[in-house]
Amino acid sequence: LSVTAPLQAQAQTKSKKTLARPGVKNIVLVEGVRTPFLLSGTTYADMMPHDLARAALQGLLNRTGIPKDAVDYIIYGTVIQEVKTSNVAREAALGAGFSDKIPAHTVTMACISSNQAMTSGELQVSGRAAVVGIQRDLNLFFCAAVGLIAAGQCDAVVAGGVEFMSDVPIRHSRKMRKTMLSLNKAKTLGQRLSLIGSIRLAHLSPELPAVAEFSTAETMGHSADRLAAAFGVTRLEQDEFALRSHSLAQKAQDGGLLEDVVSFKVPGRDIVSKDNGIRPSSMEQLGKLKPAFIKPHGTVTAANSSFLTDGASAVLIMSEEKALAMGFKPKAYLRDFVYVSQDPKDQLLLGPTYATPKVLERSGLSLSDIDVFEFHEAFAGQIMANLKAMDSDWFAQTYMGRKSKVKIHVVVLLFGQENIY
């Protein structure tokens, strides 16, 4: 749940009135920044994930002015891990100049990794500060940070996320890996020659990271296409929604509203200061694209889907008491969160439909108490299917155990399929 700047004062007043709980420490978001999100294979192509995360951390330090030694913990969330820096949070923190005495860990939870990192951190805040970051699943970091503070272990946490789709780990085949490991153990020349002689051409075939879900062998795009069909979301509706998304994003960028973006110098390249995946088009151009997943009659295309992105983010989360003592003005109060899980085959992308009423009920709120809802748009069809599910009494009664529909009518979206933000 998030609010835009014009609604911030009103939302904070409402939150304090309706959500403050006796004996529960207030947790606040002080500041958040991100690198520009770029299409994979473009300007960031020669970097590494921890480079992007480091840039986000340094951007946060510069913007807030918080001393590095005020940070108690650093957490990052990611989906596809770089083998050389499996704990990307630690490497990014060291690269950003944080003390080697500050703990750091990395979490993963698919596309909500960054949120998981952030909410975990909230449980540890007690008397100092913590930094939380995330890779692709930018949502996972949020969970970790919140947890650290709520548990009284930390007073300030920096949470963020990073994902780097320009360079993913590609392995040798399993048979080739087994042969290479056996070569390391071979003690004689004869043993080595025998193992080398057993290598066949097929063993040299690379093993690419799976795009499909492991449990269903289905790509997310294929799942989105089936979901859109199940809820009767047409190709025209999806293209119109996608065009709206890119048009609004372009207006926000041109109007200087994306204040969370921090510029930085890419080694050997120019200074990067803007997202490069925002591309408003026309309905005519969108209509010319062929289905990307279910062919030839699918409705999900490259244009009404989010793009693969490189980027990183970082946010400073603190206990309210510590933030005010250090002279910070909170931008938001973090009141509650929930995680839900559904059938990975037919309801993989229906998380918002299940999570929205659940978090409101946990907090004792109704839809009328919320000014703005913000949902991540991985696919236009996915968002529209969720909106239709929320507006269906039948779905609520059949699948959610509710008497009536949720009735959500407002949504904000965009900026690429990443778990960075």
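Yeah, the Cβs are placed from backbone N, Cα and C, and that goes for glycine too.
Automated prediction, rather than curation, is the source of TrEMBL annotations.
In TrEMBL this protein carries:
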- 27-126: domain 'Thiolase N-terminal' (DOMAIN)
- 144-321: domain 'Thiolase N-terminal' (DOMAIN)
- 329-394: domain 'Thiolase C-terminal' (DOMAIN)
Exercise. Average the per-residue pLDDT over the domain 'Thiolase N-terminal' (27-126) and send me the rounded value.
Key: 89
Quiz item: So how many of the residues in the domain 'Thiolase C-terminal' (329-394) end up helix, strand or coil by DSSP?
Solution: 29 helix, 3 strand, 34 coil
Quiz item: So, by DSSP, how many helix, strand and coil residues make up the domain 'Thiolase N-terminal' (27-126)?
Solution: 39 helix, 22 strand, 39 coil
